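Down below is the structure, laid out as structure tokens.
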Amino acid sequence: MPRESRPPSIPALCAHTTVLALISAIWPLANNTTPSCHNGSMPITIPSGLPARDILDSERIFALEQRDAERQDMRPLKMVILNLMPKKIETETQLLRLISKSPLQTEIDFMRTSSHESTHVSADHLVKFYEPLESFENNCYDGLVVTGAPVEHLPFENVDYWQEFLRILDWASTHVFSTMYLCWGAMAALHARYGVRKVDLDTKMFGVFPQFLQDEYCFLTNGFDEICLQPHSRMAGVDEQDIANRPELQVLTWGPQAGPGLIATRDFSEVFALGHWEYGRDTLAEEYRRDLDRHLTNVPFPVNYYPNDDPSIEPLFSWRAHANLLWRNWINWVYQTTPYDLARVPQLRAAGKLGTDRSVRHAPESPRLDNYVPFGACEYGIIPPEAN
């Protein structure tokens, strides 16, 4: 394309939500480069040598190393991931896979706890790619992602990094524009910041469960179907009455088995996903086989996961579209509303001027009034009918 006929600048296009989908198609032309096949996504920026890079490359997911990203003239989003999962590399890959689907360049940093020693990843990997809170305290970020952790069976105060976790939340409350909490991270943040109690379950919530959309006009769930599916693997939930008693919280999806699946503050500065939309197709299967190999008693079978409940058949990846949509929506909302100068985040947060405050219902109930049970009559049995 001749230079004099170039399309409008990418920052100008990004100012309009309705044309964000055009960025991926226009970007190669605007830079006079040859288009590449990368799923129509804009790149994430990752540290050189990160193991997840090879997996992302094999899936045609576009990831730029720092030296390449610096040649692009636009401010990328800055995000940090607090990775509390034992399998660091697997979790990194799952999250980067979702973040990379956004049509926006995003710089990723990784945070670790100092008060807990990771045993499922090499010390070299942690030293090379992760930093403790002290390295971030003077920095501001557009987004923070806090993962889950396999500690939901413990009282919060018995988690060895609990005090450090609280310090990270305090830092995020002044230095991060919006935070996405996942599973245990969501339960812990709801408890620490809003007094929502954790409720221990008699049996593990394990499988893929339907969620009813509670607000179709929410920024985060824009484009969601009336019913979506969400993976869960947890031994605890949250007290729904505690959530209902906090007007600053809104339940965005809710299911009859799993309860609240997605919660957010009214200004979207904090998002809480009680399930695992970031999981890959085989993550639940790997957990199931792992527990069987350990000869654990009462290993739950993953509900609504294998076709015909046959573990010899490849599981259905039935939550992928909504996972991608949620993360795209969140990243897009952050991009549209975050200040260009991140140094303003502490001042704006202190003044309560971040995000968009809006009134939505937050009662944990289905929007339908006809007692419809999704997939109840289907032979596949997403929700098998209860026995009489």
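Using the three backbone atoms N, Cα and C, a Cβ is placed for every residue, glycine included.
Substrate binding, as stated in TrEMBL, involves Lys204, Arg290; the candidate among Ser135, Ser173, Ser233 given for that site is Ser233. Binding-site extent for substrate: residues Lys204, Ser233, Arg290, maximum pairwise Cα distance 15 Å (rounded to the nearest whole number). Surrounding the centroid of the Cβ atoms of Lys204, Ser233, Arg290, where the record places substrate, the chain contributes additional residues within 8 Å, namely Phe206, Leu284, Glu287, Tyr288, Asp291, Pro300.
Fewest other C-beta atoms within 10 Å: among the recorded positions Glu152, Glu278, that description fits Glu152. Of the listed recorded positions Lys204, His276, Arg290, the Cβ environment within 10 Å is emptiest of other Cβ atoms at Arg290. You'll find the Cα of Arg290 (substrate binding site) roughly 19 Å from the Cα of Glu278 (active site). On a Cα basis, Glu278 (active site) lies 10 Å away from Cys183 (active site, acyl-thioester intermediate).
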